[in-house]
Amino acid sequence: MVVTDGVVSLKHLVSMEILSNEEVLGLIKRGLAFKEKKVTFSLDRQYFAANLFFEASTRTHKSFEVAEKKLGLDVIEFDAKTSSVNKGETLYDTILTMSALGVDICVVRHSQDDYYKELIDSRTIQTSIVNGGDGSGQHPSQCLLDLMTIYDEFASFENLKIAIAGDITHSRVAKSNMQILKRLGAQIYFAGPKEWYSSEFDVYGKYVAIDDIINQIDVMMLLRVQHERHDGKESFSKKAYHQHYGLTEERYKQLKSSAIIMHPAPVNRDVEIADSLVEAPKSRIVAQMKNGVFVRMAILEAILRGKT
């Protein structure tokens, strides 16, 4: 990984842990430059990208596709339901095939934690891997668009009070964000059901009751309740969750005037956040979606630069 004149070069992007603070800020600023149309990018040859999503996705999948097309890449269609995966082909062999076909970048989402390790360690696979989410592990591109949204608002992370609230244990978004936000100087608070929190996160922040900090925080980062990872074992109703842990209209009124609300989406309305607040003045949920395209352009550009 290299940063030259503020522009990042990468071979892969599989985890936030592999990025230095300089690289993180470089990608954020490059994303903002794309957003503000201050830079252009041209390819030196034909490049191919494939988006391999083995879990459901709307925002990540389609924003990567838009980003790829904006940069001029040829996007290869892939549908897991009609691929040889249904004949028993492994993920490794699927990516090996893509590499053999000359695909330059594979964006992959998979239910297996750390699926990418055998791919980036392979001596045969030449395609670059961008992690679009691995199980309950990491989601680096979502993290970077979250960081871009915060940076665009506050121009710094130092001493910002950020609450990460909800289904923390099952959230790859939370795990990616807590690590890098702590490193960038933010103060992290965790809120939500105790059963969805682990003491391993104590090194990044403090577990608190949401009502104890609601009037102090700069960023309220809400997390989706991941029903698909609970096996139907939730101990409370959607209504009870909203009342005890969600962003209700009453809690919204207690937020600082400068505070912003974030959510990686999809949103469970009237669960994590009141339906009326999804597009409220303090909400940056739509801004996050928009920023996703531009920061993913920065990620893809960094990988393409790593190939030259």
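Using N, Cα and C of the backbone, Cβ positions are placed for all residues, glycine too.
The following features are taken from Swiss-Prot:
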BINDING   Arg59, Thr60, Arg109, His139, Gln142, Ala265, Pro266  carbamoyl phosphate binding site
BINDING   Lys87, Arg172, Arg224  L-aspartate binding site
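Sequence features annotated in Swiss-Prot and their locations in the structure.
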residue	record	Cβ contacts under 8 Å, 6 or more apart
Arg59	carbamoyl phosphate binding site	Pro264, Ala265, Pro266, Met289, Gly292
Thr60	carbamoyl phosphate binding site	Phe53, Arg109, Gly132, Gly133, His139, Ser141, Gln142, Gly292
Lys87	L-aspartate binding site	none
Arg172	L-aspartate binding site	Gly133, Asp134, Gly135, Ser136, Gly137, Gln138, His139, Gln142
Arg224	L-aspartate binding site	Gly166, Asp167, Ser171, His263, Pro264, Ala265, Pro266, Val267, Asn268, Glu272
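The Cβ neighbour count for Arg109 (carbamoyl phosphate binding site), using a 10 Å radius over every protein chain in view, is 24.
In the three-state DSSP scheme, Gln142 (carbamoyl phosphate binding site) falls into the helix class. Put simply, the two farthest-apart Cα atoms among Arg59, Thr60, Arg109, His139, Gln142, Ala265, Pro266, the recorded binders of carbamoyl phosphate, are 16 Å from each other. A coil conformation is recorded for Arg224 (L-aspartate binding site) in the three-state DSSP classification, outside any helix or strand. The L-aspartate-binding residues named in the record, Lys87, Arg172, Arg224, extend over a maximum Cα to Cα distance of 33 Å.
Candidate binding-site residues: Gln142, Ala265, Pro266. Fewest other C-beta atoms within 10 angstroms, Pro266. The Cβ of His139 (carbamoyl phosphate binding site) has 26 other Cβ atoms within 10 Å, all protein chains considered.
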